[in-house]
Amino acid sequence: MGTHSAKGPIISTEHIEVKNRQLIVVLMLLPIAIVVLTRMVLGDSLPAITATHWSEGKYPDGFTATNVFFAANGTMAIAGGAAGLIGLALRSKPLLLLILLFAGSLTAWMAASLVITCAVPTAIAGDPTLAENGPWIFASVVMTLISIAPLWLCGVFQEYSRRSRDKRRERIEQATGRRQPAQQAATAPASTQDFEQTATGPWWIWLLGFFALGMGIFSLSMADFNLGAENWVTVISSLAIILVVTPLVLGLAKIRVTVKDDKLRVSSAIFGFSLRTIKVEDIESVSSEEILPMEWGGWGWRIFPGGSAVVLKRSQGLAVELKDKKRFAVTIGDSQQAAARLHTLMKQR
């Protein structure tokens, strides 16, 4: 009789590959360089006090001594960069790697963002009480997005989730003596009919799309086209939300998956734009299995190192391994039929 551990599944401690390591190292050190170079470039143009907070209106209502401001943000940038670099070395502890990489990157880039959005407007104004952060706030948004990049570029989470899932399946198979559905799907009977099916996303995707549309329309209706450059930023942002963000979000609320003409195609069933097209000749293997959002980078249209996915919810779907070693997944109800059709086309080539 087999024995079972009371501590649950044992996850392999073998090293996980960290993709794009050199680029991640650059991204972890770049905030330090931004803080130092900004201080050097601005030099004597910075007053003794730096504007650090804008609550209402275009002028600041919070200030910090410039030396203290740069010392604090320099320390944050160094500490964040060090935490991220330490995390990169912990390949046998992927969860700790991810935590340190995320926290370190966020801290370092937050420091760089504060320096750019506070010190630069102060230096330009000369008088900290007259500093306007205006368009500089976009630098903060951009840097916040960059801070997430190392976590996305490393590809560790997807690989760790896949290994954890495979380990759980192995333990279940050993305990029950039966193969799991995800592996049985590969033996689905051949299919000679083209496949086409739609899948509808959960309610919150629809809500998010209509919320973005409403916010864009409201912001555009409140804009005053006679107030100059600062107001035009609002206008452009509103139009971008209406014309770009809203279609992308609502386009994922309902998708269409087709297998015909020797291609697997995933497109928006609402707007018709293609999300992914894969030729059968590029497919190494395909299976029908349960698609876990967190294993594939989350919900929605996901692109990550080593692959991509269109995930609406946790459900059955297609998991495709490509000949270039990349992976793709899409959630679709009758995924076994789609996999069977792809297998038939692959055998015919």
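In case you wondered, yes, glycine gets a Cβ from its N, Cα and C as well.
Per TrEMBL, these features apply:
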type     : residues : note
TRANSMEM : 23-42    : transmembrane segment
TRANSMEM : 62-88    : transmembrane segment
TRANSMEM : 95-124   : transmembrane segment
TRANSMEM : 136-157  : transmembrane segment
REGION   : 168-194  : region 'Disordered'
COMPBIAS : 174-190  : compositional bias 'Low complexity'
TRANSMEM : 203-220  : transmembrane segment
TRANSMEM : 232-253  : transmembrane segment
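For the transmembrane segment (95-124), the most Cβ-contacting stretch among 136-157, 203-220, 232-253 is 136-157 (pairs under 8 Å). Long-range contacts of the transmembrane segment (23-42) within the same chain, counting only residues at least 6 positions beyond its ends with a Cβ under 8 Å from a Cβ of the stretch, are 70, 73-74, 77-78, 80-81, 84-85, 88, 101, 104-105, 108-109, 111-112, 115-116, 119-120, 123, 146, 149-150, 153-154.
Long-range Cβ contacts of the transmembrane segment (136-157) within its own chain (Cβ-Cβ under 8 Å, at least 6 residues beyond either end) map to 16-21, 23-24, 27-28, 84, 88, 94, 97-98, 101-102, 105-106, 108-110, 112-113, 116-117, 120-121, 233, 294, 297, 304-306.
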